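Record features (TrEMBL):
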DOMAIN    A:84-134  domain 'NADH-Ubiquinone oxidoreductase (complex I) chain 5 N-terminal'
DOMAIN    A:150-448  domain 'NADH:quinone oxidoreductase/Mrp antiporter transmembrane'
REGION    A:475-498  region 'Disordered'
TRANSMEM  A:12-34  transmembrane segment
TRANSMEM  A:46-66  transmembrane segment
TRANSMEM  A:131-150  transmembrane segment
TRANSMEM  A:156-175  transmembrane segment
TRANSMEM  A:187-209  transmembrane segment
TRANSMEM  A:229-247  transmembrane segment
TRANSMEM  A:268-289  transmembrane segment
TRANSMEM  A:301-322  transmembrane segment
TRANSMEM  A:357-375  transmembrane segment
TRANSMEM  A:520-539  transmembrane segment
TRANSMEM  A:570-592  transmembrane segment
TRANSMEM  A:705-724  transmembrane segment
Amino acid sequence: MLLASETAAASGWFLAHAWLIPVIPAVAFFLIIFFGKRLPRGGSEIGIAAMLASLVIASGTAYQWIHLVGSTEHADAVSKTVTWFEIGSLKVGIGSRIDGLAMMLLFLVAFISTLVQIYSTEYVRGDRRYTHFFASLTLFSAGMLTMVLAPNMVQLILGWEIMGLCSFMLIGHWWEERANSEAALKAFWTVRVGDMGLLVGTGVLLALFGNLDISEINTKAAEFSGNHALLAFAAVALFIACIGKSGQFPLHTWLPDAMAGPTPVSSLLHSSTMVVAGVFLVARLYPVFHTGLDINIVGHHFNLIAIIGGITVLIAAGLAFVQNDIKKVLAYSTVSQLGYMMMGLGVGAWMPAVFHIFTHAFFKCCLFLCAGSVAHTGSHHSFDMKKDMGGLRKKMPITFGTWMISTAALCGVPFFSGFFSKDEIIDSAKGNDYKVFFVVGLIGAFMTTAYMTRATYLTFFGKARGGAAHFVGEHEDHSHEEAHDEGHDKADAHGHDDHHAPVVHGKPLSFAPDDSPWQITVPLMILGALALVAGYLNAAPFKIEKFHEWLHSSIGVEVPEAPKFEWLNAVPSILLVAAGFAVSLLICKAVFGEGNSPLKGLTQRNALLGAGHKFLVNKYYLDTLYEKVIVRSIAHPISAAAYWTNQHILDGIVNGVGKGGKKTGELVYKYIDQGLVDGVVNGSGTTATHAGGALQPVQSGKVNLYGALLFGAAAVGALVLVLVNS
Amino acid sequence: MIQEQQWLLSLGTFLPLAGVLVMLFIPKKDEAMAKGVALLTAVATLGVGIYTLVKFDYGQSQKLQFFTTNKWISPIKATYTIGLDGISLPLYILSMVITVLVMVYSWNHVPNPGNAKAFFILMLVLQVGMAGTFVAQDLILFFVFFELVLLPMYFMIGVWGGENRQYASLKFFLYTMFGSALMLVAFIAMFIVTKNHATNPDAANFSFQWFHANAPGIARNTAIWIFGGMFVGFAVKVPMFPFHTWLPDAHTQAPTQGSVILAAILLKLGTYGFVRIALPFLPQAAKTWAPIIAVLAVIGIIYGALGCLAQTDMKRLIAFSSVAHMGFVMLGISTLTPLGINAALFGMVAHGLITGMLFFVAGSVKERYHTLEIKRLSGMLKQVPHLGWILGFCAMASLGLPGLAGFWGEFPALLASWSPATILTDSAMGNHELLYRVLTVISAFGTVLAAGYLLWLYQRTAFGEPSEEFAAHGHDDHGHSDIHDVNVFEWIAWTPLLIGIVVLGVVPSLMFKVMDPAVQQLTSVFGK
Amino acid sequence: MMLASDIQVAQNIGFGIIAAVMVLAAIRVVTSKNVVHAALSLIAVMAGAAAQYLLLSAEFVAVTQVLVYIGAVMVLFLFGVMLTRAKLGKDVDLDNKGAWAYGAPIALLMLGVMVYVLTKGFKDTKISVSGKGSNVGQNSLLSDKIFSSYALPFWALSFVLLAAVIGAIVLARKD
Amino acid sequence: MLINNFLVLGAVLFCIGVYGVIVRKNAVLVLMSIELILNSVNINLLAFDRLWAESGNNDGSVFALYIIAVAAAEVGVGLALVLLIFRNRKTIALDDLSEMKG
């Protein structure tokens, strides 16, 4: 095969061999599948080794890229591809295309995958499909890395769909239970609905630019002068795919359900890496969206991406308030944060949005792993915050500490990583004249703090309940009042993680003897540390712009300069965070605390609040709309109608022709069969032979009918021949 | 033209007949002998096929290779002309591979009422017809081979089929006969018209070369009629909506082997006919028909998918999914672009591998559980894990997961249908651009539905706990063996297909490289 | 220029009468309610055909027609009728009920197409039936042809006949 | 004499035969109808034979003879079949035979 382009050769070994990064896990996947079961550790060693190898190469790549950026004025993407297939003028390559964005995600995915795999060795120990679990995780990493490296749309779609497949396999990992397989199917279908847009959008891009190469598409889209409506169509279509993949409104409903999968899966796929694929796609093809959807045009205060992102921020944050399942709180939080990223891209704040991908990955992954740690060790494999948690902070100091750091980062507390990314998004919205989204961002920040405070309070403070009480050593205390929001999901209460043995296997770290084993706590500490410091790569308050320096060549279009950071501008958001914390804490104390507060049971007493609560608990009735109305109507009446048409009308015609008697409609059928034919039969007095059934008269004389059919066809054929020839 | 080894294709095509001849003298009771001879013949044929693969000059795959022409029935101007180019090569080889695999599978799966000798003879005869259709370069020869496959398949369904086999086989036979009658009329009409208009009418014959040279000159209105005749003939075989109703019945009633061959090869005869005959000979009519084909194809995609969702029987569901997948193939063809036709050809092979495989799995499920009712099956992953995984793999391949073969049939077809050939969009002939774009979006929705029914099927049958009915099922009343996992014959028969699905999915250029030059040449008649 | 001999009045009249008889008899074959009547009508058609062959000065074929068809085939038919114990009188169950409804249109459609094609194709092409041609109806020519250029088919036909005879015996044997 | 006289006669007989094949249920009668068709073909063949006779071509006659021979064979086998069926099933109505088991 020919080397299509080889700009990489001069730039360094790692940049030239970046294709190894996804290939190693892909090979590892097959090794695990075929040999994993025979290995002492069930294949997990292959997975971890492969991810470590990938991480090393990814780090090397990142280093060399940074070096390259430092050494040249304007660093172009380094690509190295071989021809994958060729149809006429359309040449599609496969290989690697490294630029800042890709470099960042490569490192991120390899890094987090490694940690999560280490974590999983303990978390799913003894699982009956331990090997499959690691195989799927490894394949997922391969898929994601393939997508990130994609030099063209086809490879991107390849990686994109492999991730979808792995998501399906991992959510449905415990497929014996119906709820899990339902969640897996829902995830796959919902994402697939979005993928429609990806396929169509790619088609439009091909028609517009005659090529599927990402660099070329971006260059041409940046200086686009053709049919703007078509480009807008492409952008919308592609954005639909992003909506599906990144859990944006209105296709976000699959993501919380996806928590049915094991916790490491939730932390890897459904919070830190896979779900940002949609955001990544928007960032990757930013010129297409930028031009197609009129981002940063003076006087435009809205655009599709920002609107969807903004709505997502708010509705998901709203939903996070009523969840009892700790993972669902985090899931909605993820959706909300993804909304921030989209909104950031929508308001032209490319760099902060991408930076938010980076920081969010660490702290959200850490939060999920903390939740897993709590469930694994503290709450007897339950994720129900109200029933089985509470008061765990003393017993699980590492988990608690990392959780707190990550929460602070998520909330955007100053000097934690989230602050530097999220606050930048909010600031840019204001700076780029998207006032509405500035407000949305602020409200979102408030809500984030509030629901995270609630979750933290319920999990780590207060009195230990249920499984946690058992663990903490207190007697189970049923005297505490049932919480005011009674509408917890049935599915939340059970169905997760109760498949492996309830004993803690691994060895805990010596300084925290009751906490989870080291395989769990070490990744937690690493991630917690990063949640604290990752933000300083691009900390505007301190004039650090490393991230910007490394990544800015990936934007592809001119975006407005980020507004100059001023502490004064950050004051509103900081104040709102503080307010969120305070208000939420007060309410939590009142509602979940020991005392007798008038707030308890408020939703039962106040009709309006009750209705609002119910609305939230039912997830705005979106699931009902999808499952009960849309899916069911397709699955039942519509398909049944189509099938009925097939069997009765189309087949009816066929049989009608074939049998000579059965005509299209029932009426005609009855008339001829019962009236005419039977009449003749009755008349001739031989009813007995034909009494067998209504169809008897038509079925008889088959041989003759074939003769009739044959001669008839011949006659018609001859007629056509005559007509054609005359 | 590559004129060497002219005997190669004839050998590859007719070698199975030698096997049939030998088998006629084997006593009926000696089943192992009959099976052995048949399998040996099929393997030998495949060997010839592989030799052909090796000798094929990939640098000139647009040219007919191993070309040979001879007098055949001179009074009616039919010639014995055969040749192979990049379009037919993959299908030619596929037919041989499938035959071998089906025979391996049949080794201990001869369906009721037994009689392995006859069953294997029929398969060999089928192989002759299939291979012959793909190498024929003469309309009459093509027609003869095209019809030759009908008879063995008719008997296969009618004798070895399910409960309703008579109805299904007859419907299949008559329906396709009806189509081919019109097709034959169209062929003859085309011959006569070209002969009447040609400058050298004495040289007229039925070989493709003659039509290549003369048929595009037919007046447009006449050509539209002729194309119509071919359309019906091929569309019944594909089958396209609304001519598809024979398919679910035939598939449901056919024995596993019949279903596999039907899905893998026989359906392709129709699409191959479109690509090989209808489009290049009558480009002027193709312009008019393409939008109609496209609309019917997309209706087929959606309609087939909806049909699937309504099924309660696994095999019938797979059968309906064929309608949807062949819709993608026809959509690709209807774009008249190299990309679309390449996609269609790829889709044909991919569908052959994947759906063939799905039917194999369905057959094995039926053999183990004695039912294919989706409601009654559950927990296959637990009870027969390998079979369950294979089913999942095929379902994923079938719904068009990139990296597996199915994707390369669907995705490029969608890409192509967004920007169809310029002759379909230039305003002089009527601008169909918008139509095609709408169709693209609708057919993209078809991929969602495909995921819907396949995963739904998978969830119901493979996930969950095994249903009580079968959970404790050590032995059933008839003393059959217990519900066992994939056995060795199945592994042998399936592994090549599974590998093929992955390899073609990862390295699509294996096929695109072979087909593309031929397709480029073919579509050159449509302008750019 | 048209000569009287070209018009061939006598032949035309003869043809007309025979043709009419044939057509009527043929219609009886397919409509009669009595199997034996149908068979007898078929004999009439065969005989008429033989007469037409004579008119076309194909004596040898005509004689063969009489010998084989009327002599052998029809006897076979009558045997078949009797051996299958068909009623000698009227039989209501000979036809498919209602089949005429599609049989007749198809037959008429075919007839229409054929007649149209024939009239359009041959317009007023004439044939001479006076037997004056140099080599018309010469049996020697016919035999030359059969045993030279058509020798192989002749052999093949012999085998077909042999196979048919053996087959018929095998099929019809009682044990 | 117009060749069409013979050709049209052939066509008429042919169509009557076709009608018979379609309409008749009794196997013997269907065989008879087939004979009608064969005869009509023969008439055509001989008419064409006459048309080309001047140029020394008498293939038509040869063909007609062959057809007669084949027809005889066909009737022989056909009637034997009918007999066999009748012996086994006591009927030769074709519709009752449509349930042949494979």
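Placement of Cβ uses the backbone N, Cα and C atoms for every residue, glycine included.
Computed from a predicted structure; not experimentally measured.
Same-chain residues lying 6 or more positions outside the transmembrane segment (A:229-247) and placing a CB less than 8 Å from one of its CB atoms are 160, 164, 190-198, 200-202, 204-205, 207-208, 221, 254-255, 274-279, 281-282, 285, 288-289, 291-294, 304-305, 308, 312, 334-335, 338, 341-342. Across the domain 'NADH-Ubiquinone oxidoreductase (complex I) chain 5 N-terminal' (A:84-134), DSSP classifies residues as 29 helix, 13 strand, 9 coil. Residues 90, 153-154, 157, 160-161, 164-165, 167-168, 171, 216-217, 220-221, 226-227, 230-231, 233-245, 251, 253-255, 257-258, 278, 288, 626, 631 of the same chain sit 6 or more residues outside the transmembrane segment (A:187-209) yet have a Cβ under 8 Å from a Cβ within it. Long-range neighbours of the transmembrane segment (A:156-175) within the same chain, counting only residues 6 or more positions beyond its ends whose Cβ lies under 8 Å from a Cβ of the stretch, are 22, 129, 132-133, 136-137, 139-140, 142-150, 181, 183-185, 187-188, 191-192, 195, 198-199, 202, 214, 241, 245, 257-258, 260-262, 265, 269-270, 274, 277, 281, 284, 499.
On the 0 to 100 pLDDT scale, the model's mean across the domain 'NADH-Ubiquinone oxidoreductase (complex I) chain 5 N-terminal' (A:84-134) is 87. Under 8 Å from some Cβ of the transmembrane segment (A:570-592) lie the Cβ atoms of residues 386, 411-414, 423, 426-427, 441-443, 445-451, 453-454, 457-458, 462, 483-484, 541, 598-600, all in the same chain and six or more residues away from its ends.
Against the transmembrane segment (A:268-289), stretch A:357-375 shows more Cβ pairs under 8 Å than any other of A:46-66, A:301-322, A:357-375.
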